[in-house]
Amino acid sequence: MDHAADAMRTDLMTITRFVLNEQSKFPEARGDLTILLNHIVLGCKFVCSSVSKAGLAKLIGLAGDTNVQGEEQKKLDVLSNDVFIKALSSSGRTNVLVSEELEEAVFVDEKLRGRYCVVFDPLDGSSNIDCGVSIGTIFGIYMLKEGSAGTLNDVLQPGKNMIAAGYCMYGSSCTLVLSTGTGVNGFTLDPSLGEFILTHPDIQIPKKGKIYSVNEGNAKNWDEPTRKFVENCKFPQDGSSPKSLRYIGSMVADVHRTLLYGGIFMYPADKKSPNGKLRVLYEVFPMSFLVEQAGGMAFTGKGRALDIVPTKIHQRSPIFLGSYDDVEQIKALTCFFPRVLCGS
Ligand code: AHM
Ligand code: MG
């Protein structure tokens, strides 16, 4: 096919077409989720463009503020947060919004209020901005509880109640991975078209992987199951080959690789951080939702990640997620060391 004909191809599955197709499977659907997802996609395109121009636009550098967790905010974090708050509220479909960058939840103006609540990390992995390593946006979507006009309880729901989740990775290409509860699909932004194209249909995480991903600098403070698990990765006792270690330090990129190649990503509890580091609502839940939808497993060290009932919007939890067999191993170890878990 020559270039002109290629440019005219109409069989490309754009994310818009894909989401409309999904919507058409539910005759009672009013198109609200489709509109909301379109606004999220727009936000991702905007942040993608800003991230790729960050050096040029001199956006890199401290914004001179600290966020809820006491971390320094970079300008791109601030910008991305503003972009998503505007994109989500202007959709006219959202009600309660929770962002990693904002201490309090946002209750959308009455005139623009809809039935959906969105929890999101506008720019995760921001310590990687200055060196150009992949970073990303993570989001999860809940429906308002029956009869609710929009309160904090609508976002303090277990992850299994999410109706959709996804992330957009700003890396060597801009990739959006989405699940509306019927599998996981990946789309890559074609900059010449300004459209996300379906490039990774029906992502299935391999049942067992060859990679483990963890910040080993924290090993001194790990509990016994985590220590033993990582030791087994390096010195397997069953005659299998040792696993490779890959750790980017950017959850979106580490989870993306885990979804495609298999293996395990973990941010465990340790003596210094008994709840781990990652936040339940907008990091642990959306990624666990995607991993389960892709056939993998997500475990907190105590139970299924999506079963957590959060009590605070910025709550943290340890997380082990990835290939089913690999997560089964850490589950077995937590039961083997009863001091820690399994109710013994
Ligand atoms: P952030 O939300 O402040 O960017 O922190 C979350 C990031 C994750 O992307 C990543 O998995 C983790 O922090 C890395 O933490 P560490 O540097 O402790 O290994
Ligand atoms: Mg984050």
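First residue shown is number 1, and so on along the chain.
Glycine is no exception: its Cβ is also placed from the backbone N, Cα and C atoms.
Curation does not apply to TrEMBL; its annotations are automatic.
Under the heading domain 'Fructose-1-6-bisphosphatase class I N-terminal', TrEMBL lists 13-201.
For the domain 'Fructose-1-6-bisphosphatase class 1 C-terminal' (205-333), residue counts in helix, strand and coil come to 55 helix, 21 strand, 53 coil, using DSSP. Marked as domain 'Fructose-1-6-bisphosphatase class 1 C-terminal' by TrEMBL: 205-333.
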Whole-number mean pLDDT, the domain 'Fructose-1-6-bisphosphatase class I N-terminal' (13-201), equals 92
